[in-house]
Amino acid sequence: MLVCPGCTSRLVRAKTPQGIIYLCRKCGGRAVALPLVRKQADASFVKTLRHQAYGSGHRGNRGCPLCTRPMAEVRPTPADDLVLDVCTYCHFVWFDQSEFARMTDQAPPGAVREELPPQAAEAVARFQIASDTRIADTVESFEAGRPGPDHPWKYIPGILGWPVEMEAVPVSRNPWATWLLAAGMVAIFLANWGSDGLGRLIAQWGFIPAQWHRHSGMTILSSFFIHAGWLHLVGNLYFFLVFGDNVEDHLGRGKFLLLLGGAHLGGMLLHAVFDPSSSVPAVGASAGIAGVIAYYGIAFPKAKIGIFFWFFFRWLRLGALWMLVLYALLQLLGAHRQVEGLSNVSYLAHLGGLAAGAVVALLLWRTRPDRAI
């Protein structure tokens, strides 16, 4: 649930001609993504806003409606008393009730504003009232309909039983590391698919605890890119692409790769510690992805994750942090089955990756208070 930073009321999602915004029906405030602000405001206004927010913006007492971190307080126009709140991580701008209209009224520097004739001013006022009414109607429709995800294609993973990011957390840049790693997994799978090439690849480059030193220990790394079948690959790609883009955007490319590698290493080590004599190759990116999921849950605790109950055709929405707790409990149950010899899935590797991701997220929280949950 997104909460108004002014009055702590629940925000509701509404569609406007320019895009999606989040409204507070109690105090009239709204959260608007920075790309939408660019469509509404003068270019110099947006440039000044970004420069102050991402440069020396003062951190105020208001928390971001999405990630709850303190937002930067900026004054885009020094001659005016307009003060806006900007989240430099989620790239949202918070406008109090009258601030959005004042922002859209900002004229280019040096421009002369002319008074409108009374008839024209009345027409503009009527248009503004009609626009606000349409937004309110959209909000009512949204609340009454109890809709599912923000895109229809998300029903497909929902029907498969996979958790769904109900409203994608916006990113500020292309997640190239996530995309390239995903492409590498697909390329390796396709290059070895058929004629038992995949089986030979797994046997040669999968991680075997009893032979951890094979290929100078490189199988710990190579096992990340190898998958045992189509379902194994598609499932890992889905989780990696859905959550990896936000984590890469939040951490930066270098730290994201370190998190991913550390989580995969932690997962393989935990797998080997509990079954050091195993001669069965372990493959897949699941341990690294578990670390990404752990970081996502801690960094974006209020992001909404949905589980689809197809029998009732209804969605269960949970905050990402609660979904992380549920995911960890399921991995613990799976690890018990693995230790008892009842499962060939390495849930222990998942737990090792989860632990690594959680440690990185919590260490970052301790060293950077402005990124705290």
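Even glycines carry a Cβ here, placed using N, Cα and C.
Annotated features, as they stand in TrEMBL:
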type	residues	note
DOMAIN	218-366	domain 'Peptidase S54 rhomboid'
TRANSMEM	176-195	transmembrane segment
TRANSMEM	224-244	transmembrane segment
TRANSMEM	256-274	transmembrane segment
TRANSMEM	280-300	transmembrane segment
TRANSMEM	307-333	transmembrane segment
TRANSMEM	345-365	transmembrane segment
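Taken together, the residues in the domain 'Peptidase S54 rhomboid' (218-366) have a mean pLDDT of 91 on the 0 to 100 scale.
In terms of DSSP secondary structure, the domain 'Peptidase S54 rhomboid' (218-366) contains 105 helix, 13 strand, 31 coil. In terms of C-beta pairs under 8 Å, the stretch of 176-195, 224-244, 280-300, 307-333, 345-365 lying closest in packing to the transmembrane segment (256-274) is 345-365. Residues of the same chain lying 6 or more positions beyond the ends of the transmembrane segment (345-365) and with a Cβ under 8 Å from any Cβ of it are 259, 262-271, 274-275, 282, 286-295, 298-299, 327-328, 331-335, 337-339, 371-373.
Sequence-distant contacts of the transmembrane segment (224-244), counting only residues of its own chain at least 6 positions beyond either end whose CB sits under 8 Å from a CB of the stretch, comprise 157, 162, 165, 175, 178-179, 181-182, 184-186, 188-189, 198, 201-202, 205-206, 256, 264, 283-286, 288-289, 292-293, 296.
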